[in-house]
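The region 'Disordered' annotation in TrEMBL covers 1-100. Positions annotated as compositional bias 'Polar residues' by TrEMBL: 16-25, 32-46. Summarising the annotation, TrEMBL assigns compositional bias 'Basic and acidic residues' to 85-100.
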Amino acid sequence: MSSSINDIKSKLKPNSDASSTSGGSNEAAEEQQFSIQPHPAKTNNPADLAPQPGAGITSKPEFEAFHTPGPYVPSAATANSIEPPKSREELRARAAELNK
């Protein structure tokens, strides 16, 4: 069991013979390196982290649909220039014509 695991490990590792002959200089290159990351805050003022007025649930783009002015009411001239809706019989006849 352990020999099969060792075989798998040896296949997954890079060429271990080359690293042993290089005198260990490859070990320093493979060592993990850590660095300090900058803090995301723009200033050191804790008041900047407080919630801003106007932010929150009302500022989310998902809820922008609820901030609409309401239904569009066309002017009388626009409403009069629109043709009347077709009856069911006219719509069925048009559908049959298009489905030929």
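Numbering starts at 1 and runs along the chain as it is shown here.
Each Cβ is built from the backbone N, Cα and C atoms, and glycine gets one as well.
Here the structure is a predicted model, which means the values were calculated and not measured.
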Go through the chain and flag residues at least 6 beyond the ends of the compositional bias 'Basic and acidic residues' (85-100) whose CB is under 8 A from any CB in it; none is fine as an answer. none
Secondary structure composition of the compositional bias 'Polar residues' (32-46) [DSSP: H/G/I, E/B, coil]: 1 helix, 0 strand, 14 coil
